[in-house]
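Taking it in order: structure first as structure tokens, then the write-up.
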Amino acid sequence: MKIAVIGAGAMGGAMAEGFVHSGRFLPSDITVSAPHESTLERFAALGIRTTTDNRHAAEGADVVIVAVKPWLVENVISGIKPMLDYSTQTVVSVAAGVSGDRLTAMLAKEDGSRPETFIAIPNIAISVGCSMTFIVAVNGDATATENIEDMFNSVGSSLIVDEHLLGAGTALASCGIAYAMRYVRAASEGGVELGFKAGAARDIVLQTVKGAVALLQANGNHPEAEIDKVTTPGGLTIRGLNEMERAGFTNAVIRGLVGSK
Ligand SMILES: NC(=O)C1=CN([C@@H]2O[C@H](COP(=O)(O)OP(=O)(O)OC[C@H]3O[C@@H](n4cnc5c(N)ncnc54)[C@H](OP(=O)(O)O)[C@@H]3O)[C@@H](O)[C@H]2O)C=CC1
Ligand SMILES: O=C(O)[C@@H]1CCC=N1
């Protein structure tokens, strides 16, 4: 499968790197485009094909991924639309907040034809094969949907959702990875105040978070059931948890998620 990634910033770049590191795709099967040569150099160093011409990138690709800022999607699509072959090429937008209806309108040709079209919202861990990606089949038959799902499953997990859940998914997983990292930062800073050097505190927090994830994935328990095993009655953990809640921990997380939807 040949993939064109239009836009080589944080997300486009992470996707290109992830696809190559997955081992599923040859670097030469990926083409990345961006307006500035300087943006493209690090991809060329990985053997990825690069170009400053979006049309050239899209030419011959089975899947064209649009990974520019939301307000540039229309312009980018109108630039490549005349040479897209809708009978063979699938278009995927990763732009947050650009609806399926808008994409369909942007992509429609004068004869009314439209390509297999998807919205996919990954998160930045796609670069290391650990994305949580939400996929909406805007106009996708079963085979195309399977292909797109397969492509994103090669770089993490994916979930097909109705479009009305996309904002929630974006907040929880794509913005959410930043929120998880903010917890890591906060806990690391706490670790320094408690006496560890910064690097050691970070490593300790990462191993602790890894342990929490591994436990929950292994037994499928609700987090509170695992927390109950840690909170020795009258012990230390419940004092810490209650202090965190007094400072608004759960409320702050939920407000952050709802605020980013
Ligand atoms: N960052 C994230 O975690 C996530 C982002 N997204 C979505 O991904 C999209 C990109 O976001 P992000 O990567 O963060 O943004 P960035 O600003 O990091 O990247 C945008 C990229 O687009 C390139 N670009 C600008 N204009 C054009 C053009 N006309 N043709 C081709 N490329 C162009 C820029 O090139 P240059 O550098 O040369 O100027 C840059 O490489 C957004 O729509 C966002 O909603 C979705 C999920 C998560
Ligand atoms: O902050 C943003 O708008 C993008 C979309 C989701 C994650 N980053």
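Backbone N, Cα and C atoms are what each Cβ position is placed from, and that goes for glycine too.
Going by TrEMBL, these are the annotated features:
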DOMAIN    2-97  domain 'Pyrroline-5-carboxylate reductase catalytic N-terminal'
BINDING   I6, G7, A8, G9, A10, M11, A67, V68, K69, P70  NADP(+) binding site
BINDING   N54  NADPH binding site
DOMAIN    163-257  domain 'Pyrroline-5-carboxylate reductase dimerisation'
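The average pLDDT the prediction assigns to the domain 'Pyrroline-5-carboxylate reductase catalytic N-terminal' (2-97) is 98.
Across the domain 'Pyrroline-5-carboxylate reductase dimerisation' (163-257), DSSP helix (H, G, I), strand (E, B) and coil residues number 82 helix, 0 strand, 13 coil. Its own atom aside, the Cβ of I6 (NADP(+) binding site) has 28 Cβ atoms within 10 angstroms in the protein chains shown. With respect to their backbone Cα atoms, the residue listed as 'NADPH binding site' and A67 (NADP(+) binding site) stand 11 Å from each other. In this structure the residues listed as binding NADP(+) are I6, G7, A8, G9, A10, M11, A67, V68, K69, P70; their two most distant Cα atoms lie 14 Å apart. Around K69 (NADP(+) binding site), taking its Cβ as the centre, 13 other Cβ atoms fall within 10 Å, counting all chains. Considering other CB atoms within 10 Å as the measure, the emptiest surroundings among the binding-site residues A10, A67 are those of A10.
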